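Beneath this line is the structure, given in structure tokens, with notes to follow.
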């Protein structure tokens, strides 16, 4: 290896070259983690309910991220390539301050130091665009450099101080197309999920208006009676009407709730029935709406 002091014009990797590498690395490990989280979330949603599915996704994704990400970066940056797959694609590598290969512990410390970039709202990453040796904040803390793959080798003349214009254009196109594809996938998942969330929120709001009537029915049943059939003023814009008394279909004592007609077409004029089971001391709920918009105790 050529001594650092004898190596002329080391080609330090600038911000955009490093950003492109980081973007590629993010796709390589984040997309599989997202897919694993989604599969588990669908399983949990089918077995437990959609509310638990989001918790399952977050626990799975971030749990695996905290395991996979440090190993992904530390193992590769301490390998003979001194670079992750993204960095290798961009022709750059990680070294210590003197151009030497770093060990696993050093690389792992560099990964943890990267947390400072998030604390500084990514300013730490952007520092690679103007510092003398193109170091980000985590590089300064960890004592590392990101340089061209040919720096401090037997062929330093092969270094590229700047990417060719054609390469920049190709990278920009690839990153742009991949980014749009990822955004499309995220939108395809997020938009329906958000729509379902808003529908569930309206139904939950309507269900919550029955709280006082449920308490009155429980008291009446304990006294051996059921409130006389009658309409109760709706307590929410989501509710068109609420009738308390004996339910015609079951003969039990409960509540018939009608949703407002001006709601989303999936909810408009929807019905919920709540019946109190005195022996089990719990409310039984059913509806003519889709399970995905109902509270957990009303599904099935």
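Just so it is clear, glycine is given a Cβ too, placed from its N, Cα and C backbone atoms.
Here the structure is a predicted model, which means the values were calculated and not measured.
Copied from TrEMBL, the annotated features are:
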DOMAIN    12-143  domain 'RDD'
TRANSMEM  27-49  transmembrane segment
TRANSMEM  55-75  transmembrane segment
TRANSMEM  111-130  transmembrane segment
TRANSMEM  166-194  transmembrane segment
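Helix, strand and coil content of the domain 'RDD' (12-143), in residues and according to DSSP, is 94 helix, 6 strand, 32 coil. Averaged across the domain 'RDD' (12-143), pLDDT in this predicted model comes to 90.
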